[in-house]
């Protein structure tokens, strides 16, 4: 029993110690979260102090900081306390690493015992990305930097990757936390990932950055075409780059044209619009192309052309033999070509040696001076000044008036009158300025007696009527015109008109059985007045013709022209009498002219009116001819003959084919016939002859060349039948036979290889087989 006492005592002491330790643990306070804390700086954080498991009361909770300072419930402080159902909380609003340390929570247990718990808190700077745009641009050909500032405490480690592969290489390097790229290339574009990690805290953060490779703008030459004044014109700036650049324009004054109302700038299209070009806008213009990679500029000289405009080309009035100065003043740029021409003359005056020319220029104005000395009145009229430059041309008309003394011209002189007909003296006046007119008699006295004279004046014409009461024949009257330049006189002579004289006898040209043809070779005295018509009276003398059947024909003119009188009787004697008539009356008849008609005879030669120029189609040829004189007997028919011929000389042909003839018995006015189915490319001789009861007349002959047959070009003449017989049919038979032979050979070869039969198979066995005693197959037994 005594031996067990020490053991029991030790056991009691152990139980008592454990009981006391458990009681202490239950009576303390607890901090949540428990254990050492590592928290990011700048982020709100709280520590909870809670009651322990003791059964006593807990009161007077306090939080003590690393510097033994006690925190209060002042919520405006960076660190403060407040109570809640969850416990007594110590709140960190924006902690910094300087707030790191051991924090203690104390409380009064059962109003007698102070209990506490402590926790170690470390505040660190979390990983942050600063100045790290998610989309960044690098300029091709330049060194670039992919920016991303990474902060953290402890300092994080960085790792850059591109397309999930490390961004390493001789052109890549780190500048702090940035990734530097040398001589940027197009394949540097893509998605880059920067990873920041802190081993002490286990923090890892990533950012994905999209990198675009851009190019500096480039301008590929500005256009420099000139602009016409008052024209709407767009000038393009051909700028390229990535991203597409925006453009603005400046002029030679340095002005931004986007702000000038006379211009319109399209930044996206890089165009400059001249809304209405003016000459003051002539100068240098600069295009500025801008994108995020840089700026490019290019300049061009824009010339504003001024279309030609004739400023001055005046009308002129000069005295005859004076000096005419033409001044054509033209505004334009470039300096236009200036010429002056007269109306009705296509060539300009520079080809006229009577003119002298000089040119002068001032700013945009060019002056052409054309000088004409000794100006004649014939130079008067309209003149055109023409200015031309680069597709533009303008004309302006001016008038040159030449003042000259009156020029008088008569309508007719001398003037004829007869019986009670007035003598009409017509005086045409041309004068600048207008002239005054008066008439004077042969004594120089002014004509004014209304009993004998009447004067009618109009523009440019004065007419004096002298009646039959005046002593007018073989007298002179003067038309006198006066203006400021001078005086002119035109003398008229008045004569008495008489009837035409008797015609002479004509010259016989041809006499047939029914016609007489003649011609007058000598002029007839007309008595002062034009002959109106000629009369021919004729009658049959033998056999005699009744006076009532006497015939008369009139002609407007007979002198030098052949006149034919037809429908006469064969073998008869005719008398002809000729006379002429004017306004005065009919003149005396000529002497009697006697002519005999001939006997009846074959008809005259027809005249073929068809003209066969070049080659004519051979399928249908129309031949036409005139109806000739029948020479006293009616024409019964026409015989048309045609024959193929060949030339033996330039003027001689020879028949080589059968001569065919046809008769034509019906016609009206003119006769005709159609020839069919002539040979192609052949020469034919066609003749037409008329027939009456006296026989055939002389034939009319012509040649006709037919055109080649286009269906057989390349084959000789007359080869149609030969072609069909010697080439067409034999060739066709040969082709068919060869085709059949080829087909048979192919079929026989197929039969030989596939069926062991056919002509080749039979020939093989007949020629190549050896003689044998019997025939047997593989299935037969060999002969014993």
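Numbers here mean position along the shown chain, with the first residue as 1.
Glycine too: its Cβ is placed from the backbone N, Cα and C atoms.
Any TrEMBL annotation is an automated prediction that lacks curation.
What TrEMBL lists as signal peptide is 1-21.
Under DSSP, residues within the domain 'Ig-like' (27-122) fall into helix, strand and coil as 4 helix, 53 strand, 39 coil. As annotated by TrEMBL, domain 'Ig-like' applies to 27-122 (among others).
With DSSP classes pooled into helix, strand and coil, the tally for the domain 'Ig-like' (140-210) is 3 helix, 41 strand, 27 coil. Annotation comment: TrEMBL describes 140-210 (among others) as domain 'Ig-like'.
If you look up TrEMBL, you'll see 217-303 (among others) marked as domain 'Ig-like'.
What TrEMBL lists as domain 'Ig-like' is 308-401 (among others).
As a whole-number mean, the pLDDT of the domain 'Ig-like' (406-491) in this prediction is 92. If you look up TrEMBL, you'll see 406-491 (among others) marked as domain 'Ig-like'.
TrEMBL lists 502-601 (among others) with the feature domain 'Fibronectin type-III'.
Among the features that TrEMBL reports, domain 'Fibronectin type-III' is placed at 602-710 (among others).
The transmembrane segment feature in TrEMBL is assigned to 731-755.
Here the transmembrane segment (731-755) has long-range neighbours at 761, 764, meaning same-chain residues at least 6 beyond its ends whose C-beta is under 8 angstroms from one of its own. For the domain 'Fibronectin type-III' (602-710), the DSSP-based tally of helix, strand and coil residues reads 1 helix, 59 strand, 49 coil. Annotation: stretch 502-601 has the most Cβ pairs under 8 Å to the domain 'Ig-like' (406-491), among 140-210, 502-601, 602-710.
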